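Feature list (source: TrEMBL):
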REGION    1-28  region 'Disordered'
DOMAIN    54-201  domain 'Fido'
ACT_SITE  132  active site
BINDING   136, 137, 138, 139, 140, 141, 142, 143  ATP binding site
C-alpha cells in the first residue's frame, strides 16, 4: 500500500483514539462531579443519616435524590431490562423479591457490629447494581447507598476519583457479569474481590476527604 495512504490511516486511527480518550475523560469527570454533588445532598439529610433501619423506602428516596426528583423516580421498574437483545439483571418480579431479601440480609448484618461494616456496604452497592431494581440511575443510587451505610457507622464517605473510574468500572463489570475479556480467558464466574479490595483501600485512606459526620 502507498506509504502516504498508510500514514493517513495511522493519523486517522490516532485521532479516533484521542477523541475516544477525551470523551472517556469528560465522562469520568462528569461522573465524579455528580457523585460529589449527590453526596453533599445526602449529608444534609438528617432523616436518612439517622434512620434506625435501612429499608426499601430509604433506597427509593436515595433514587429520588439521584434523579433530582424527576417523574417516576423512587419507583421500581415494572418491565424487564433488555440490553443487546438479552435480559439484563433479574426480571422485574424477581428483582423485587431479591431486593426484599437483600434488605433483610443488610438489617441482620448491620445489627451485628462485629460484622465487617465496610464489606457489607460494598456488598450492598454491588447487589443493588446486580438486581438493577430501577429503570436507570442504579449506579448513582448504589453509591449513595454505600455512602449512607458508611456515614451511619462513622466512616468517611467515598467518591471515585476520575483517575480511578476506569479501574472501578472494570472491577465492577467483572464483579457482576462475565465480561468478554474473562470469557476469552475461560473464566465463567464473576470475581468481586478486586472491587472489594479497591473500595476498601479507598475507604481506609480517608474516603472523599470530607469532614467526618458523627451520628448522634
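A Cβ is built for glycine as well, from the same backbone N, Cα and C atoms used for every other residue.
Just so you know, TrEMBL annotations are computer predictions that nobody has curated.
Where TrEMBL records a feature, it is marked here on the structure.
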| residue | record | DSSP class |
| --- | --- | --- |
| 132 | active site | coil |
| 137 | ATP binding site | coil |
| 142 | ATP binding site | helix |
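Within the set of recorded positions (132, 140), the lowest number of other Cβ atoms found within 10 Å of a Cβ is recorded at 140. The ATP site is set by 136, 137, 138, 139, 140, 141, 142, 143; from the centre of their CB atoms, other residues of the chain with a CB within 8 Å are 63, 66, 128, 129, 134, 144. Within 10 Å of residue 132 (active site), as judged by C-alpha distances, the binding-site residues found are 138, 139; the full candidate list was 138, 139, 140.
Using a 10 Å Cβ-Cβ cutoff, residue 139 (ATP binding site) registers 18 neighbours. The number of other CB atoms found within 10 A of the CB of residue 138 (ATP binding site), across every protein chain shown, is 20. Long-range Cβ proximity for residue 142 (ATP binding site), meaning a same-chain Cβ under 8 A and a gap of 6 or more residues, is found for 124, 125, 126, 128, 129. Across the binding-site residues listed here (137, 141), the residue whose Cβ sits among the most other Cβ atoms within 10 Å is 141.
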